[in-house]
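TrEMBL has this to say about the protein:
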| type | residues | note |
| --- | --- | --- |
| ACT_SITE | ASP140 | active site, charge relay system |
| ACT_SITE | HIS171 | active site, charge relay system |
| ACT_SITE | SER451 | active site, charge relay system |
| DOMAIN | 133-320 | domain 'Peptidase S8/S53' |
| DOMAIN | 342-422 | domain 'PA' |
| DOMAIN | 426-499 | domain 'Peptidase S8/S53' |
| SIGNAL | 1-20 | signal peptide |
Amino acid sequence: MRHRLGRVIIGVLFSFGLLACGEGADEGAEEDVGTAPAALSPDGRYIVKFKNYSKRSEVLAAAGGGQVELELPDHDALAVTLPEPAVQAIAKNPNVEYIEVDPRRELSTQWPPYGIDLVQASDVDPTELSAASTKVCIIDSGLYTGHADLQGIPVSGYNGNLPWNVDGCGHGTHVAGTIAAAANTRGVVGVAPRNVSLYIVRVFGDNCSWAYASSLVNALDRCRSAGAKVVNMSLGGSGSSFFESFAFQSAYNAGVLSIAAAGNAGNTSTLYPAGYSSVVSVAAVDANKALASFSQRNADVEIAAPGVGVLSTVPWATPRISVGSNVDDGGLITGAAITKATGALVDGGLCDSMNAAWANKIVLCKRGTVTAATKVAKVQSAGGRGVIVYNTVSGWFWDSLGAGVTSTIPAITLRGDDGKDLLAKWLGATAELSTTRDKPGSGYEWWNGTSMATPHVAGAAALLWSQRSTATNTQIRNALNAKAMDLGAAGRDASFGHGLLQVKDALGYLLGGSVADVDDSAALCKAVGESCADDAECCSGACQNGKLVCK
């Protein structure tokens, strides 16, 4: 796809929260001052871009000091926490190019998941693929490398402030499973189980809390140093960053394909880094190809993928029901209590009306007639201790109590065959129902979010690249977009972008030579300091007069 920089850059100083200082009418005048943020950071954290990085200590000392949070020497920048009076002082220092707010970046969250079929990943014949692999860098909450479904996959990572091979949050392990879970006759399977290696950079702690744009740029640098071609970012935040935008454009110009979640606010606002033209923005659909209610809708959305009820790997034990020697894995009903309960196992039928006999019991409920939320509410009102909703067919299914609804008792879903086995053999026996997240463990859960949609696209990009290693990132991007299944309004739209990811068709398009007409200069621009002939060549939209370098 082609991005016309002249149009994108209009108003860039305002959109990135920067305000030019001392700007005169004489275009040839050289003002030796930096730029200050248009607003103060609620956390007191800023990115300072230096004209002379060696002067950084002097700059901070002259401004009255500050706490250095992260050094970014490759970008001549620091992430610092500053008192309010120091912000303007630093902006006026002649050794500073600009200072801006460091915006937060947050997590946006064998039974082949439905998404593997929906995006045609299961239609790709593995016997027709070469054994080549593509390195995918996952910037997230880490990875539980001991998961049974992630064995045999080449994986390494960067140990910064947080160890990369630990994941108390679970988000990173869930993302990794969608990309690369092994085709090993157990658990789930990823989009590209045979054709990826993983590189992990951890920016989120065990509490799944937010990080910063500067941390994300530092992580991106680690991905590039490790040789990753694809970067998965199931994360985002509401504030754009001048510094961050340049870093992603630089990575794109160097051949990296960055892919990010569009966001989960369910409105038309743009989140970042997905909003940068150098990053692929991914929306979420459900099993019926309908747009997820939480998925962002804006002009930056580029492609859609499954993001509702996505089953993937987690670093803790799967919810389970234990009766005697029998143990069956189930799926957590979203909103149900995370706890353990013990009681006699009883048959509740459809559980569509309350029964006093369920008091202190674990109740088996057949799926259908009423919602899982209604079944759980009926059992809870009767004093039951737990609920198992089993399927009417053999497979798994995901369910939820509904937005904002919770229960005080545990509740899980179960495959139809397992439910019928419990009915036939174990009624009246003492059962233990557990939804606790015993760590570590090789478990599976259904999660929602554009975070879950993003790794489908990252895995697809890696698969395509593994089969045509000479392709450019623009050609991979073009193939994914060209063969996406058009949904919603005809052509590209704000909800689905180009449409639903179709892996097999995109692979055929790429290998069939249809990318020959792709303009590889599309979406490329020059970074600050690079030589230029006119404003249109620069990412900033400004080619400095006289010196002919991008400002």
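Placed from the backbone N, Cα and C atoms, the Cβ positions cover glycine too.
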Just counting, how many other CB atoms are there within 10 A of the CB of SER451 (active site, charge relay system)?
31
Tally every other Cβ atom lying within 10 Å of the Cβ atom of HIS171 (active site, charge relay system).
26
Could you tell me the C-alpha distance between ASP140 (active site, charge relay system) and SER451 (active site, charge relay system) in angstrom, no decimals?
10
Measuring Cα to Cα, how far is SER451 (active site, charge relay system) from HIS171 (active site, charge relay system) in Å?
9
